[in-house]
Structures are given as C-alpha cells and as structure tokens.
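Okay, structure first, notes after.
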Amino acid sequence: METTPLNSQKQLSACKDGEDCQENGVLQKVVPTPGDKVESGQISNGYSAVPSPGAGDDTRHSIPAATTTLVAELHQGERETWGKKVDFLLSVIGYAVDLGNVWRFPYICYQNGGGAFLIPYTIMAIFGGIPLFYMELALGQYHRNGCISIWRKICPIFKGIGYAICIIAFYIASYYNTIMAWALYYLISSFTDQLPWTSCKNSWNTGNCTNYFSEDNITWTLHSTSPAEEFYTRHVLQIHRSKGLQDLGGISWQLALCIMLIFTVIYFSIWKGVKTSGKVVWVTATFPYIILSVLLVRGATLPGAWRGVLFYLKPNWQKLLETGVWIDAAAQIFFSLGPGFGVLLAFASYNKFNNNCYQDALVTSVVNCMTSFVSGFVIFTVLGYMAEMRNEDVSEVAKDAGPSLLFITYAEAIANMPASTFFAIIFFLMLITLGLDSTFAGLEGVITAVLDEFPHIWAKRREWFVLAVVITCFFGSLVTLTFGGAYVVKLLEEYATGPAVLTVALIEAVAVSWFYGITQFCRDVKEMLGFSPGWFWRICWVAISPLFLLFIICSFLMSPPQLRLFQYNYPHWSIILGYCIGTSSFVCIPTYIAYRLISTPGTFKERIIKSITPETPTEIPCGDVRLNAV
C-alpha cells in the first residue's frame with residue numbers, strides 16, 4: 001500500500017469501512033499499489049446539497065490504482081472561525097468605514113462637482129472597487145490563509161506580495177494611530193464646562209488669535225487665526241516648535257501617553273484572535289453609526305444647514321469632463337473599500353467554507369459607500385451653520401482638507417453650538433472608534449499572515465507575537481509624535497503607502513486572474529457557493545479592475561500631489577524620501593521573484609513552470625473533516 005497526492009479536488013474517496021484511516025491524528029486514504037483490490041464509494045462533498053455520485057449507495061465499484069489519495073485533518077485541528085456571521089460583517093464594515101469616510105469623501109465630493117461626482121464614484125465602485133473587494137474575500141475564504149502563505153496555493157512566485165503588504169501595514173500603523181492620539185487628546189480636553197478651543201485667552205494663543213463668534217466687534221486680517229486652529233497647531237501638535245522635516249523637534253509626551261493608551265486597547269482587543277475582536281467590533285463598529293445619526297439630526301436643525309447641503313450636492317456637470325475627477329473617484333473608492341491590504345484575505349480566511357462571500361461583498365460595499373455619502377451631510381450641515389454665523393460663503397469655511405477639516409473646522413463649529421461639551425465628547429469618541437476598527441483589521445492582516453507562514457514558531461505564542469507587533473508599531477510611531485510629526489503623517493499618507501498598495505493590488509489582481517487563471521478561480525468560487533461568477537465579474541477581474549488600478553497609478557506618477565501643510569512647503573528631497581519608503585515595501589515582490597527563480601532547480605523554463613504552479617494543497621470540507629486537495 002502507498003499514498004499519492006490528489007490529482008483533483010473531485011477525486012475524493014472514503015476509506016473502506018473507515019478502517020486504518022487514522023494515523024497520527026490525520027485521516028489518510030489508503031491507495032493500493034498495482035495488483036491490490038480496491039472497493040470504494042464516493043462521499044458527499046460536505047458543502048453541496050446535492051449528494052456526490054455514490055453517496056448513500058451500497059453499490060461498490062473499482063477505481064484505477066494509484067489515482068487518488070486522501071489526507072484530511074481531524075475536526076479538532078480546524079482553523080478558528082468567527083463566533084457569528086455578524087462578527088465577520090461588522091469587522092469588515094468597521095475596517096472599510098474609517099476616518100477617510102468622514103473627512104476625505106465629503107471634501108473630494110464637493111471639490112469635484114458635488115452631486116455630479118457621484119456618477120464617476122458609482123462607476124468606479126461597480127467596475128473597479130467592488131470586484132476587487134469580492135475577489136479578496138473569495139480568495140481568503142477558499143484558501144483559508146493569510147496574505148503570505150496563501151500564494152503557495154495560488155502562484156508561489158508572487159509570495160513577495162504578502163511580505164510587501166506586511167511592510168505597508170507597518171507604515172500605516174505608524175501614522176494612522178497618531179491621528180487617533182490627536183482625537184483622544186481632544187476627547188480628554190472636552191471634559192470641561194468650556195471647550196479650550198473657544199477663546200483666545202489661553203497660554204498657547206498668539207496675538208493673531210481672533211474669535212469669529214465673539215460678541216465683541218472684531219476685525220479679521222490676513223494673519224488672523226481662529227482659537228480652534230491655534231489649539232490644534234500650537235497646543236496639540238505644537239508644530240510651531242518644529243522647523244520642518246529637517247528639524248522635527250522633540251516628542252510630545254502628551255501625545256505619547258495618548259498613543260500608549262490607544263495601543264493598549266488595540267492589544268487587548270486582538271490578542272486572542274477573531275473570537276475576541278469579533279465581540280469588540282459590536283461596539284466599535286456600531287457606535288459610529290449611532291453618533292453619526294445624532295450629529296446628522298443636530299446638524300439638520302442648525303440655522304444655515306441648508307446652505308451646506310446645497311453646496312455639498314449642487315452638481316457641476318462640467319467637472320465630469322476633467323480627468324482629475326475620475327482619478328479622485330477611483331482613488332477614493334479603492335482606499336475606502338481597502339482591497340490590497342491583506343485584511344480581507346485574513347478576515348475571510350476565518351469564515352466557514354460555504355459562507356456566501358458574494359453577498360457579503362455587495363452588502364459591505366454598499367454600506368461603506370452609503371456611510372461616506374451620509375457623512376457628507378453630517379459635515380456640511382455644520383459647515384453651512386458656520387457660514388451662516390460668519391456671514392460668509394460655504395466655500396470659505398470648507399477650505400480645510402484632511403484632518404484639519406475635523407480638528408479645526410468641525411471642532412470650531414461644535415464649540416459654538418448649544419451643548420457643545422456633549423457633542424464634542426461623542427464626536428471625538430466616534431473618531432477614535434472609527435480608527436480602532438481599521439487598526440484592528442490592519443494588524444490582524446499581518447498577524448494572520450505571519451502565524452500562517454510560521455505556525456511552528458508562533459502558533460502557540462499568539463499573545464507574545466501580538467505584543468511584539470504592537471510594541472514595534474509604537475516605536476515606529478514615535479517620529480509622528482514629534483512637534484513636526486504632522487509633516488511626517490502627511491508624507492507617509494501621500495507617498496509612502498498610497499502608490500505602493502496600488503501597485504501591490506494590481507500585481508495581485510493580475511496574478512490571480514492571469515497566472516492562477518480566471519477559470520480555476522471561478523471553479524473555486526463555485527465549489528464554495530454552488531454557483532459560478534458571471535461574465536461581468538470575469539471581465540472585471542481579467543481586464544477592467546487591473547486597468548482601473550493602472551489608471552490610478554499612472555495618474556499619480558504623471559501628476560504627483562504637491563505637498564503643503566499649513567504654511568509649510570515640503571522640500572523636493574522629501575518627495576524622493578517618500579518614494580523610497582514606498583519602494584522599500586514594493587521591492588519585496590521583484591526580490592522574491594528573483595530568489596524563487598534562482599533557488600528552484602531545473603532549466604529556466606522548468607523553474608518558471610514550477611514557480612507559477614501551486615505547491616500546497618487547499619483544504620476542502622468533507623463532512624466533519626477537511627480534505628487537502630490540489
């Protein structure tokens with residue numbers, strides 16, 4: 001008797017009467033050598049309602065010798081799964097709906113034609129963002145591995161994609177959590193009768209501080225600044241103590257304590273795996289929607305709110321003729337849904353094999369897009385109120401972009417409305433919970449990837465590995481906690497992570513659709529869901545989605561953003577530095593390709609064939625066990 005690898009996922013047979021199938025905790029199909037007599041019946045595939053041929057049939061038939069084998073793990077070795085389906089959905093929604101939905105989408109929408117922007121945004125979502133989102137969920141759920149080891153089952157030569165994703169995740173964690181630290185500082189500062197950014201009588205204020213909402217007659221000059229702006233720049237960031245990237249200054253101990261608290265919450269939320277993080281997101285993923293609803297109702301009742309809504313949605317159809325509008329729409333939907341970061345692969349890998357990931361992709365994508373749209377009303381009703389109070393045009397009030405829109409403009413509006421303390425507390429608490437969800441997801445993507453790749457080292461030491469990851473991210477964040485840390489945050493966001501993750505996602509889409517094969521991928525989906533993806537999805541995966549990513553990358557390279565923060569213009573060398581940081585992650589892909597081709601024995605043609613052929617079987621469920629099949 002001998003065992004041989006499975007030639008097909010369909011060639012599964014049961015051991016005769018279940019005898020001698022178990023060895024060292026693993027079920028094995030005994031395959032006879034030539035001359036042995038074989039009697040076997042096929043078994044149910046375990047996920048289809050239709051029984052396989054021979055299932056439940058007493059008829060026995062012979063099969064060719066040495067054609068099939070079975071290696072199935074016992075049920076107790078099963079991969080961890082989500083406690084409930086809703087845990088997975090809330091985790092994915094919490095990951096996709098982040099701070100960018102609140103500040104980036106509203107700003108980009110009004111800047112690119114208001115209501116007219118929804119047309120390119122919807123088109124890019126349908127043909128680019130959602131197909132990539134669906135692809136990653138299906139890949140993760142079928143192969144049940146993180147972003148590194150999954151490539152052994154798809155196309156081994158592209159394993160460098162997984163390492164690149166892990167490095168990108170580290171860069172993101174280095175600056176993203178700093179924004180949460182700012183929000184936490186604001187939250188702590190909000191527990192006062194009078195919010196500290198409402199007046200110019202504080203120690204950090206300058207002679208240029210001018211309060212728009214003061215009862216005194218005021219004169220606004222070119223150099224005038226609001227109390228909210230000075231609180232953000234001079235008290236929270238202390239950016240006046242830095243001369244720029246060439247001299248960042250010291251570390252703000254207040255922000256360092258805030259980020260330590262943030263990382264502590266993160267650690268105890270994810271240290272035990274998806275069983276614990278899946279429960280935490282019941283709070284962190286739902287709380288923002290409660291607060292958004294409260295803020296929406298409050299904003300709609302403010303005087304002048306209609307001015308903000310009109311400014312937000314009034315369509316400028318001429319904008320649709322500008323290429324930049326379509327670029328912004330494509331970039332926004334991609335970074336909002338978040339394919340290419342390894343998170344969707346990790347989350348989906350903990351699903352049950354026959355979970356309807358197609359439905360999940362559609363539901364979570366729609367929820368994400370609708371959240372962005374509704375967030376625009378939350379922001380612009382308040383901006384309309386500010387414009388009414390200042391007797392200015394909304395465009396003058398809404399000139400701030402990025403974090404400044406939240407920490408200066410919106411914070412100032414909250415400070416000058418009734419019950420300001422209450423609304424400030426819930427608003428900044430909402431920002432923190434939005435950020436926590438995304439950080440949980442980003443780090444889980446890395447943790448799952450490393451644990452799956454090195455199970456013999458870390459499988460029983462997850463808590464220690466998570467601690468090491470969190471500590472590493474904390475030390476990586478120190479440069480963003482300096483007095484000039486805001487300059488670093490903007491540089492990392494614009495240059496170090498954006499282009500890199502776009503390129504990684506493009507190569508991933510090509511590797512799956514062209515090398516692994518769209519036909520094989522669709523077969524995998526059919527085995528899970530019972531139906532094959534239609535032609536729309538196939539065309540998107542093979543051509544439209546890769547072109548969608550290539551379009552964004554080329555547009556970025558042809559017209560890179562000019563960096564400016566407050567009154568500081570970034571030096572030219574900083575752009576080169578940003579590209580170098582981004583390249584440091586992407587370089588993992590060609591480096592691993594070269595390593596693979598050099599280390600694989602055989603002729604050059606044989607090396608290529610071996611390198612693009614899956615080398616590890618994928619487990620297929622069969623009743624109470626999982627079957628390994630090639």
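Cβ atoms are placed via backbone N, Cα and C, with glycine included.
The feature topological domain 'Cytoplasmic' is assigned by Swiss-Prot to 1-87, 136-160, 272-277, 348-360, 444-463, 517-538, 596-630, with a curator's inference given as support. Feature annotation from Swiss-Prot assigns phosphotyrosine to Tyr47, Tyr142. The transmembrane segment feature in Swiss-Prot is assigned to 88-112, 116-135, 161-186, 253-271, 278-297, 325-347, 361-380, 422-443, 464-483, 495-516, 539-558, 575-595; the stated evidence is similarity to another entry. Under the heading serotonin binding site, Swiss-Prot lists Asp98, Thr439, Glu494, Tyr495, Phe556, Ser559. Annotated N-linked glycosylation site per Swiss-Prot: Asn208, Asn217, in sequence order, evidence recorded as similarity to another entry. For Thr276, the entry in Swiss-Prot reads phosphothreonine.
In sequence order, Pro561, Leu563, Gly578 are the residues of the chain that are 6 or more apart from Glu494 (serotonin binding site) and have a CB within less than 8 Å of its CB.
Residue annotation for serotonin gives Asp98, Thr439, Glu494, Tyr495, Phe556, Ser559. The furthest Cα pair among them is separated by 30 Å. When secondary structure is read from DSSP and collapsed to three states, Asp98 (serotonin binding site) falls in the coil class. The stretch with the most CB contacts under 8 Å to the transmembrane segment (539-558), chosen from 161-186, 325-347, 464-483, 575-595, is 325-347. Taking the recorded positions Asn208, Thr439, Ser559 in turn and counting surrounding C-beta atoms within 10 angstroms, the largest count is reached at Thr439. Take the transmembrane segment (161-186) and the stretches 253-271, 278-297, 361-380, 422-443, 575-595: counting Cβ pairs under 8 Å, 422-443 has the most. Cβ atoms under 8 Å from those of the topological domain 'Cytoplasmic' (136-160) belong to residues 79, 166, 339-340, 342, 344-349, 351, 353, 355, 357-358, 360-361, 445, 448-453, 507-508, 511-512, 515-516, 521, 524-525, 527-528, 588-593, 596-597, 608, 611-619 of the same chain, restricted to positions at least 6 beyond its ends. When Cβ distances are compared across the two stretches, the transmembrane segment (495-516) makes contact with the transmembrane segment (325-347), since 3 or more pairs at least 6 residues apart fall below 8 angstroms. In the structure as shown, the Cβ atom of Tyr495 (serotonin binding site) sits within 10 Å of 24 other Cβ atoms.
All protein chains shown were included, and the count of other CB atoms within 10 Å of the CB of Thr276 (phosphothreonine) stands at 13. Two recorded stretches are said to be in contact when at least 3 C-beta pairs lie under 8 angstroms, sequence spacing 6 or more; the transmembrane segment (361-380) and the transmembrane segment (325-347) meet this definition. Tertiary proximity for the transmembrane segment (88-112) is limited to same-chain residues at least six positions away from its ends with a CB under 8 Å from its CB atoms, namely 82, 118, 120-121, 179, 274, 277-278, 281-282, 284-286, 288, 311-312, 319, 322, 324-325, 328-329, 332, 335-338, 343-344, 347-348, 350-351, 355, 360, 363-365, 367-368, 371-373, 375-376, 378-380, 398, 401-403, 405-406, 431, 434-435, 437-438, 440-442.
Counted as Cβ pairs under 8 Å, contacts with the transmembrane segment (278-297) are highest for 422-443 among 116-135, 253-271, 422-443, 464-483, 575-595.
Away from its own ends, the topological domain 'Cytoplasmic' (348-360) comes close to residues 47, 79-82, 85, 88-89, 92, 134, 136-146, 150, 274, 448, 452, 525, 528-530, 533, 620-621 of its chain (Cβ-Cβ under 8 Å, at least six residues beyond either end).
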